[in-house]
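Step one of this worksheet: look at the structure below.
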Amino acid sequence: METVPEPGSNVPPKKDRLQTKKKKPRRYWEQETTGTAAGASPGPPRKRKRNRELRPQKPKKNDTSKKFRISKKPRELKSPRPQRSLSGAQDPFAGPAPVSVEVVQKYCRIDKSKELPHPKTKTRSRLVVAEAQEEETSVRAARSELLLTEEPGFLEGEDGEDTAKIRQADIVEAVDIASAAKHFDLNLRQFGPYRLNYSRNGRHLAFGGRRGHVAALDWVTKKLMCEINVMEAVRDIRFLHSEALLAVAQNRWLHIYDNQGIELHCVRRCDRVTRLEFLPFHFLLATASETGFLTYLDVSVGKIVAALNARAGRLSVMTQNPYNAVIHLGHSNGTVSLWSPAMKEPLVKILCHRGGVRAVAVDSTGMHMATSGLDHQLKVFDLRGTFQPLSARTLPQGAGHLAFSQRGLLAAGMGDVVNIWAGQGKASPPSLEQPYLTHRLSGHVHGLQFCPYEDVLGVGHSGGITSMLVPGAAEPNFDGLESNPYRSRKQRQEWEVKALLEKVPAELICLDPRALAEVDVISLEQAKKERAERLGYDPDARAPFQPKPKQKGRSSTASLVKRKRKVMDQEHRDKIRQSLEQQLQKQEKAKPTGARPSALDRFVH
């Protein structure tokens with residue numbers, strides 16, 4: 001049992017409260033102010049707190065030691081130090097990856113050669129922002145080009161070997177199993193000859209026979225979507241904006257079917273249709289008929305936009321320009337006419353052949369047009385304003401069908417033979433000297449089309465359907481947001497809504513789509529003149545100068561008249577100076593270049 005010590009025992013006296021207060025423990029990062037005993041260890045470091053390290057404590061009022069100095073000067077920006085890893089090594093590839101100027105120019109869509117004469121300040125600032133955004137977009141597209149892993153490749157023979165002699169069986173043996181499965185033949189002699197069409201993403205194939213056979217399938221997996229017999233002659237067939245709708249030109253009227261073979265519409269205003277073309281960005285179905293009418297049907301609202309009379313007899317040759325959505329019609333008098341739904345007359349008429357035109361095709365860039373006629377001539381024309389033939393070749397048998405691929409290859413069907421010519425690149429015309437590939441079919445050709453994003457040429461003939469392998473024909477990389485071959489049903493529905501919202505009006509179809517962004521100065525001046533005549537005054541004219549009122553007697557009548565006259569004199573001097581400058585420019589242009597200088601020329605100015 002413990003006892004309380006007596007007052008006189010050896011108990012240490014109580015110290016003052018200030019003396020008994022414990023000292024603040026010292027952190028391991030703080031410098032030691034007092035010397036430690038020899039051999040004493042500072043102890044294990046404690047875990048420091050992040051907030052105390054980043055935000056130092058303010059010194060107390062009674063604390064005379066200043067451990068931290070608080071500066072009220074603005075903080076200077078320091079240059080960023082090169083980032084180092086945990087091991088201390090410096091990143092050898094600091095910053096964004098460099099991009100080649102040539103690659104950036106390939107994706108740039110700004111033409112800086114054309115400048116506005118004197119844009120306003122607000123317009124100039126908007127143009128600067130738009131140019132900066134376009135340059136950033138082109139740099140990003142050039143940098144993301146590394147993600148385009150697929151590259152186009154052509155068929156190359158050995159030294160002295162002609163690639164036109166290589167057969168399809170040899171190509172099938174040389175390629176992989178997945179590519180070899182893309183070559184097949186459908187023996188359908190009972191209902192031929194056939195016309196065919198690929199969907200826009202290249203996944204589905206639709207074909208129709210002259211004797212009423214209509215079918216659609218996923219040709220990659222060979223899954224049949226629908227197969228019907230319309231019990232009527234089928235002259236042409238086309239997919240609409242997606243593989244869910246199908247347009248069939250039958251003997252009398254135009255019919256619309258879905259992917260299950262159910263008839264949805266019968267357009268009786270489009271009768272005796274011979275050829276069909278669908279414009280995907282405008283949702284327009286163009287039809288050419290035996291009566292000589294070119295009709296545009298808006299499939300989004302079911303309304304006929306325009307019905308144009310070509311005045312050239314029966315129309316059986318038609319194609320579209322994918323670049324500007326202009327329809328090309330071939331006529332029996334050897335001419336090719338270009339049409340837009342906004343004009344009742346053809347935009348251009350080109351005399352191509354001395355006989356009737358049998359086939360017309362336009363490449364994906366819109367620069368070149370290939371035509372064939374009854375004179376057995378195959379010609380390639382330049383569509384960039386000159387409309388002159390670039391090359392021509394005489395064929396032993398006239399080509400009845402033509403087709404361009406995405407990479408600029410040209411296929412021609414002549415009887416039961418298909419010849420393919422290749423060029424130097426995508427934007428260069430095909431060379432007609434030596435064929436790239438040749439293939440003989442079991443029947444006469446009645447339809448040709450290259451499959452998008454696949455090195456495949458679909459041929460419809462009197463014996464059925466043939467899928468040929470053509471290396472280097474298609475674009476190897478597709479846009480997943482625009483034409484995705486692997487999209488689901490939900491993705492297709494979302495894309496369909498977006499495409500309808502971004503539909504281009506039919507009135508904007510013209511030869512040069514870039515002209516839509518330019519200002520029609522002549523029409524603008526004419527509209528201003530008519531407005532001034534209608535109102536009796538020009539609302540855009542400059543208001544007369546009115547001096548601002550001043551104080552202390554400086555707004556007298558004499559002062560106001562003096563200031564008005566000063567401004568009028570300044571404007572008059574500016575006009576005289578401009579007229580003198582124009583006269584000097586005319587004199588310099590009229591002055592002969594070889595004349596000797598005179599001593600009196602110094603007094604001219």
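Just so you know, glycine gets a Cβ as well, placed from its N, Cα and C.
So that you can see what the record holds, here are the features copied from TrEMBL:
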REGION    1-97  region 'Disordered'
COMPBIAS  53-66  compositional bias 'Basic and acidic residues'
DOMAIN    435-513  domain 'BING4 C-terminal'
COMPBIAS  531-541  compositional bias 'Basic and acidic residues'
REGION    531-605  region 'Disordered'
COMPBIAS  567-578  compositional bias 'Basic and acidic residues'
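Panel annotation: around the compositional bias 'Basic and acidic residues' (567-578), residues 545 of the same chain, lying at least six beyond its termini, place a Cβ under 8 Å from a Cβ of the stretch.
In the compositional bias 'Basic and acidic residues' (531-541), the DSSP tally of helix, strand and coil residues is 5 helix, 0 strand, 6 coil. Summarised as a single figure, the pLDDT of the domain 'BING4 C-terminal' (435-513) averages 92. Sorting each residue of the compositional bias 'Basic and acidic residues' (567-578) by its DSSP state yields 12 helix, 0 strand, 0 coil.
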